[in-house]
Structure formats: structure tokens, C-alpha cells
Amino acid sequence: MLELPIISITIFLPLISVLYILLFISQSKKPDKQIHTMYVAVLSSVLTFISTIYILIEFDSSNPTYQFVERYSWLDKIGLEFHVGIDGISIFFVSLTSFLTLICIIGSLFTVKKYIKEYLVCFLLMESFCIGAFTSINLLVFYLFFEVILVPMYIIIGVWGGENRIYAAVKFFLYTFFGSVFFLLSIIYIYSKIHSFDLSNIGEFTNNFPLHVQQILWWAIFIAFAIKIPMIPFHTWLPDAHVQAPTSGSVILAGILLKLGGYGFLRVLLPLLPNASQEFAIYVIWLSVIAIIYASLVALAQKDMKKMIAYSSITHMGYVTIGIFSFTDSGVSGALFQMLSHGIISSCLFLIVGTLYERLHTKEIAKYGGVASKMPVLATFFMIAMLGSVGLPGTSGFIGEFLSLLGIYKVNVIATFLAALGIILGAIYMLKLYKEVMLGEITNKEIINFRDLYIYEIISIAPLILLIIYFGLMPSSILNVFHLSVENLLVKFF
């Protein structure tokens, strides 16, 4: 294997591009500097995506430990190191981040009308910070990346969002920042006792903390990740953020940022505090079941397409948390698969809604109807994405939900049957959405002038559609990669 600092390259390439844009292109007096910025952003995202493909190709799925490990001293006095690596749990999140960022940047070139340079800079920053969070093996560095992601997303919602964008951006920031404060206090306490931030081994020490200490730390860390995922009752920021965010912002929010919550449970909470995790697991499971049913019922009542998809995200992430806290191989594997699948499906749905919004400038369901007669390609894409969201066998959405339910069935049969109701409710509201938007007669005269997808829209949506089908038909291509890492986590701590 070629010895390259490939993870550092993947993390810092977008940051270097941002510096180049700000220091050189911004100061240039040439009239084409906006086009120059676009070229740099696209090139950066392409190269970052290529580097993640290289990691995927070279990754050894038979090795459950961290690979491509890099360790550089940063602040010796407190043991702070830039310590990064990739295992089966993190590898697909890194790939998903670079893939969705590339799609968003390409799409933004045609849809963003103001401050395009700043917009692209925010997306490159988010790409760098997300990859940093998914690859960090140092707890404090993970926290720093986890926290700083707030800034570019806050700006994206607040500057390029809808009419109530400031309210949504502030609500998003305050919710997430509130949870992060408790997370930071927990990190400080842990370091004061064991003088280490190394995620690869500090669980061996924190596991020996008195149970009451573990319980307090558990709730403090749990809240931070429960807000991010989000779980009820910490969910109210998400619908507002999705409705007000621009299309690409919703793609990154649903496709990547929500996954940081589930990833945090697996990477931080469970390994650091396994005893407390087992004690409180039943509460998380029932909270997840409530979230699945509640969010599904609320989604049924929505009149805004993006808000309906936002509540469906809460439902889907509920399956993630019941899978994780089942502490079973099938449950945790299902949770990981569900996170990857949801990242693809929800991104696809938000892009589809974005194409409709670009034409009619409204997300209100009642304003549509009969769109399929004018946009058959979009209607086909929408159908596949909708069926994936419902969890139809043959799509990626089925595998994650099935494995998560299989995992929880081994723990609590009643919770399994109640959680399965979410699948039925999901089918009802998603089929209702498709029927009201795509089928029937055209009632809005503006729809008569609709033209089908442009090339750049097909380029953005088609790869996601192919992945929904491919992962649904070939789930082993994903499951085999993270199986040993999941098994290693469960055997080591549970």
C-alpha cells in the first residue's frame, strides 16, 4: 500500500481550497473570478471524492481495527494529538460526505444566484469538518470538528434560506450548541481522571468509573448526540431548518449532519460508557418507538413537502437508535446501513423537491398535481426514491429497517411490533405525497409549462437513484465491510 497521509489529504484539501479562494481569488481584480471560484470548488470536491474512493479500494475489510492511521503531536501538555484513522464503521460516512458535497456543489453552480463564492466556501468547510469528525480518534479533536460544523450550516440557513431563515438558523444553532456544552463538560471530567483523549483505549478506563458517575456522564453525552440525530423531544429544530434551508443545505443536513448523532453513539457513548448504556438502553428504545410513531403521524398532516420529508427523517433515524441500542450484531449493522441508506434517499428526495421548487417557487403540496405528465423522468426518479423511503424490498431502505427490527426483536418483541407500525404509516404518507404531487389532473396552469429535468439535475439525482437500487440488491457489498468492526465493538464492550 502506498504510504500517503491520505486522511490528512482528504480532510485538508477542501480547507486549502477555501484558503486559496479567500486569499487569492477574492483579491483578484479579474472579472471572471466567480467562474474561477466555481472551478476551484468543483476541482477540490472531485479530488476529495477521488481520495475517498482510493480509501475504499485500499481498505481491508478483514481488519476490524483502524487503518490509514495518522498521529501527529499537537499540544503535548494535555496530550492533544491530531489522531485520525478509518475503520468499517466510519469509512462509508467519509465516502458519503465527499459524494454528497460534490453533488451539492455541482447543483449549486446552476441554482444559487447570490454570494456564490461564500456559498461554495461554506460547503467546502463543512466537507472538511465532517470528514474530520468521522475520522478522529482523539476525543477532543472529534468534539472540535463536531462543534465547528455548526458555523457553516448556520450561515447557509441564515443567508440562503427561506423567509424565516434567521429563526430557523438561530434555533438550529442554539439547540446543537446547548447539547455540545454538556458534551464538553464530560470530556473535561474524563480527561481530569485519566489524562487521555485517545478514543481507541479510554473506554477501558471510563468503564471502571463508579456507576453513578457513568450515569451522569452518559446523560450529558447522550443529549448532545440525541439533539443532532435528532430524537424526540430534541427534534423541533429539524423541520424548521429543513423548510428554510436551500436545497443543498437540506441535502447535507439530512445526508450527513444527522448521521453525526448516530455515529457519536457508536464511536463515543457506547465504548466509553458501556455499563450505563446497557442500563439506559430500554429507555432509548421506547423513546425511539415513540419517535417513529409520533413523527409518522405528524408527517401525515404536513402540507409542505420538505417538512414531510423532515419528519420522515425523524422516523428513519428512530430505526437507527433502536438498532444501536439493541446491542446485537444485526441491530447495529442495520443501524449503520439505515444511516447510509437514509443519507442517500433523503438527499435524493430533497433534490427532487428542489427541482420542483425551482419551477414553481413553492413547497406547498396543494399547489401541485399532474406533474408526471410533464416531467416523466422526474416522476420515475421520485417513484424510486419514494419506494426506497417506504422500505420496499429491492431498495436500500428495506435492508436497514429489516435488520434494525430483527435486532430489537431479540430484545423486546412488543417494541418491535410497535416500531413496525412506522413502516405502514410511512407508506401511507409517502404514497399520499406522490399521488398529490405527481398524479391526477393538472390544476395549476403554471405546471403546463414545466419541462423535464435539465442535464445538471439528472447528473445530481441519477447517481443516488442507482445507489438506492444497487444497495437494495447487493447489500452485502456494504454489510461485509463493516461487519467485523461492529462485531469487534460489541465483543469488546458488550
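Count begins at 1; order follows the chain as displayed.
Glycine too: its Cβ is placed from the backbone N, Cα and C atoms.
As recorded in Swiss-Prot, the features of this protein are as follows:
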TRANSMEM  37-57  transmembrane segment
TRANSMEM  89-109  transmembrane segment
TRANSMEM  115-135  transmembrane segment
TRANSMEM  139-159  transmembrane segment
TRANSMEM  172-192  transmembrane segment
TRANSMEM  216-236  transmembrane segment
TRANSMEM  251-271  transmembrane segment
TRANSMEM  280-300  transmembrane segment
TRANSMEM  308-328  transmembrane segment
TRANSMEM  334-354  transmembrane segment
TRANSMEM  411-431  transmembrane segment
TRANSMEM  458-478  transmembrane segment
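Nonlocal intrachain contacts for the transmembrane segment (89-109), taken as residues 6+ away from its ends with a CB within less than 8 angstroms of a stretch CB, comprise 10, 14, 38, 41-42, 45-46, 48-49, 51-53, 55-56, 59, 116, 119-120, 123-124, 126-127, 130-131, 134-135, 247-248, 251-252, 255-256, 259, 263, 266-267, 336, 339-340, 343-344, 347, 351, 354, 456-457, 459-460, 463-464, 478, 481-482, 485-486, 489. Scored by C-beta pairs under 8 angstroms, the transmembrane segment (216-236) has its highest count with 280-300, from the stretches 280-300, 308-328, 334-354, 411-431. When Cβ distances are compared across the two stretches, the transmembrane segment (139-159) makes contact with the transmembrane segment (172-192), since 3 or more pairs at least 6 residues apart fall below 8 angstroms. Here the transmembrane segment (251-271) does not lie next to the transmembrane segment (411-431) in space: the count of CB pairs under 8 Å, restricted to residues six or more apart, is fewer than 3. Listed by sequence, the residues of this chain that lie at least six past the ends of the transmembrane segment (334-354) yet keep a Cβ under 8 A from its Cβ atoms are 89, 92-93, 96, 100, 103, 107, 111, 242, 247-248, 250-251, 254-256, 258-259, 262-263, 266, 305-306, 309, 312-313, 316-317, 319-324, 363, 378, 381-382, 385-386, 388-389, 396-397, 399-407, 457, 460-461, 464-465, 467-468, 471, 475, 478-479, 482, 486. Contact count against the transmembrane segment (280-300) (Cβ pairs under 8 Å) is highest for 411-431, out of 37-57, 115-135, 172-192, 411-431, 458-478.
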